[in-house]
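The structure appears right after this line, and notes come after that.
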Amino acid sequence: AQLFIGLFGFGGLSFLSSLYILEISYIKAFYNESWERRHGHPIDPDTLTLLWSVTVSIFAIGGLVGTLIAKKIGKFLGRKNTLLVNNGFAISAALLMAFALQAEAFEMLIVGRFIMGVDGGISLSVLPMYLNEISPKEIRGSLGQVTAIFICIGVFTGQLLGLPELLGKIWFYTNSIFGKAGIPQEKTPYVTLSTGGVETLASIFSGLVIERLGRRPLLIGGFGLMALFFGALTVTLVLQDHAAWIPYLSIVCILAIIAAFCSGPGGIPFILTGEFFQQSQRPAAFIMAGTVNWLSNFAVGLLFPFIQRSLDTYCFLVFAAICVIGALYFYFVLPETKNRTHAEISQEFAKRNKASRPEETGDTAVAEKANRGPGPHAPSTLDKGVKDRAV
């Protein structure tokens, strides 16, 4: 049941959004043609860059809106019905983006991205919380990774359907990274397909080993490897003209970064948000976590083209530094939550921060008693019945 919840809770978003994967130059050409048709002159390059940045980053703004309204919708409809109704956002967004070209309106593409972001914000707030609530603690991490797994499967499916052999139309998903790496344009769809395959395999691997290795090793190791390969990618981009094989080494670095991200940092934070807080506190916690997440995505999507223009091949060192900081933070602050109850996790936090253990509220106390079972001196049936009613 949890697997199907993961599929239908987020699979629709990832599948529909990834079906509209186009080449950057293709979208910019569409924007330029629409602008020239309306105003009689080509669009200014800076305006075009700004429009492209807005198109990329508006998804995160929609995600922020979805995160903020998820609590109210969930309170009215419940977790399950919220996930079902949320598919309406995904369908309407896909239709807007699909007919933007025929309508010659690039605004439809931007609005569609925004609505798809709303769908993503609701999904990433409600689905991990729901999976956490219905999963046994012994397999809570593996089932929590279902969200990330089906996102990757959806993206990979979209990339597969975007191959020119399948659509009969050359729709490349290329970005400036592959362009900087010197990858020929005709090979870009297949390189992109490999990224989707690596994403899927890495997320499945994480789901299989998370209950054995724990959350900490996957998170710390993921950030550490990302920092390492971001540095290596910078070196290969600087030296790519020195040998014919170096651009392919850049591809390996990109795939390694994606694998490191999907094996830990990509999905585990959503699991931790559900594990750190009691049931009554989780909606607020997911709102706060989602807000930070989507604002960060917006900042990266909006600023990256300008950062890349300024720093050129050294732009990835910024991300390497952030990954190093993240790995150090998790190493010193994050306790292991594998197969632990909320009370045990709170106690571990108290030990690390040398603070007194917080008071347990009703739902935590009841859960603890349910997990521990009867003590060595179990009360009589009559007394137990009275105490159960009191609890």
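For all residues, glycine too, the Cβ spot is worked out from N, Cα and C.
Feature annotation from TrEMBL assigns domain 'Major facilitator superfamily (MFS) profile' to 1-338.
Per TrEMBL, transmembrane segment is recorded for 7-30 (among others).
The transmembrane segment annotation in TrEMBL covers 50-70 (among others).
The transmembrane segment annotation in TrEMBL covers 82-103 (among others).
The transmembrane segment annotation in TrEMBL covers 109-131 (among others). Counting only same-chain residues 6+ beyond the ends of the transmembrane segment (109-131), those with a CB under 8 A from a CB of the stretch are 2, 5-6, 9-10, 13, 16-17, 20, 27, 30, 54-55, 58-71, 73-74, 79-80, 82-83, 86-87, 89-90, 92-97, 100, 143-144, 146-147, 270-271, 273-274, 282-283, 286-287, 290, 293-294.
For 143-163 (among others), the entry in TrEMBL reads transmembrane segment.
What TrEMBL lists as transmembrane segment is 190-210 (among others).
Using a Cβ-Cβ cut-off under 8 Å and counting only residues 6 or more beyond its ends in the same chain, the transmembrane segment (217-239) has close neighbours at 180-181, 206, 209-210, 246-247, 249-250, 253-254, 256-257, 260-261, 263-266, 268-269, 313-314, 316-317, 319-321, 323-324, 326-327, 330-331, 334. Here TrEMBL flags 217-239 (among others) as transmembrane segment.
Taken from TrEMBL, the feature transmembrane segment covers 245-272 (among others).
The transmembrane segment annotation in TrEMBL covers 284-307 (among others).
Here TrEMBL flags 313-334 (among others) as transmembrane segment.
Taken from TrEMBL, the feature compositional bias 'Basic and acidic residues' covers 348-360.
Residues annotated as region 'Disordered' in TrEMBL: 348-391.
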Mean per-residue pLDDT computed across the domain 'Major facilitator superfamily (MFS) profile' (1-338): 79
